[in-house]
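Enquirer: Below is a structure I'd like to ask you about.
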């Protein structure tokens with residue numbers, strides 16, 4: 001069984017590796033948000049999707065702060081010989097769950113737009129989001145109360161599982177709703193295969209990526225045990241990193257898909273160059289007709305005609 005320090009080191013190491021992957025997807029996402037579709041020319045001020053750019057920047061700051069606090073926890077535990085600084089752990093728990101809720105809110109808004117600003121489709125995910133925010137407030141309050149020497153209420157500490165469950169439910173619902181809407185529209189479009197492939201990539205790269213890691217994390221959070229501490233910290237780092245990666249992949253797929261559609265649409269409107277034969281005038285003389293026939297025969301090769309078996313037999317009888 002690993003000690004607390006060893007568990008934190010392993011969890012932070014895994015989170016640091018995945019943070020590099022997150023930075024790679026972040027640079028691509030910022031490229032599509034801030035620069036033109038072709039080249040490295042900045043978009044005009046009004047052409048930039050500022051809400052998405054602000055949310056992307058906010059998630060980057062929160063993920064960077066969380067990783068920095070994790071390193072600070074390691075240094076503090078080493079310096080104080082095994083004693084942890086509780087306030088850092090409370091802040092990291094708040095940052096991680098708040099980041100997940102920001103991503104959930106973005107997915108809900110995207111679902112709202114895809115369905116033509118229909119409020120009915122987002123009632124359930126909004127209720128889940130409000131419930132998870134309330135659970136996060138209660139969870140943070142309980143952890144702060146423990147820092148001041150109060151006895152822990154384990155029933156309230158288990159509320160973190162409700163937060164993760166709400167995150168999974170929101171992600172599954174909104175992603176499935178968006179994909180279903182795209183699939184229905186693509187059925188009446190000529191680009192159904194392209195749209196369906198785009199939908200499948202959205203599921204595989206964003207929804208399933210986050211959902212699978214969240215389910216793994218929930219499975220080890222039901223019991224507060226030292227033997228599960230390392231698994232909880234590692235899976236928490238993986239899930240938190242995948243939250244940012246999945247968010248960036250959604251931006252990448254949406255913008256790339258839009259550019260492909262814009263490039264395909266003009267090409268489909270091009271007029272084909274078909275040449276029509278012009279009928280000859282009745283007043284054309286015989287000489288021009290013969291010359292036309294001779295040119296035709298010289299242009300198109302003549303194929304030998306093969307006689308059938310009956311024709312050959314009749315030819316022999318006539319000669320005899």
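From the backbone N, Cα and C atoms, a Cβ is placed for every residue, glycine too.
Note that TrEMBL annotation is computational and uncurated.
Owing to the predicted nature of the structure, the values given are computational and were not obtained by experimental measurement.
This is the feature table in TrEMBL:
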COMPBIAS  296-307  compositional bias 'Polar residues'
COMPBIAS  308-320  compositional bias 'Basic and acidic residues'
REGION    285-320  region 'Disordered'
TRANSMEM  7-30  transmembrane segment
TRANSMEM  50-78  transmembrane segment
TRANSMEM  119-139  transmembrane segment
TRANSMEM  159-182  transmembrane segment
TRANSMEM  202-222  transmembrane segment
TRANSMEM  234-255  transmembrane segment
Enquirer: Spell out yes or no: are there three or more C-beta pairs under 8 angstroms between the transmembrane segment (50-78) and the transmembrane segment (119-139), with each pair 6 or more apart in sequence?
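Expert: Stretch pair does not touch.
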Enquirer: Would you kindly check 7-30, 119-139, 159-182, 202-222 and say which stretch has the most C-beta pairs under 8 angstroms to the transmembrane segment (234-255)?
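Expert: Top-ranked stretch among 7-30, 119-139, 159-182, 202-222: 7-30.
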Enquirer: So if I exclude everything within five residues of the ends of the transmembrane segment (119-139), which remaining residues of that chain have a CB under 8 angstroms from its CBs? That is, six or more out.
Expert: 93-94, 97-98, 101, 104-105, 107-108, 111-112, 156-157, 159-160, 162-163, 166-167, 169-170, 173-174, 177
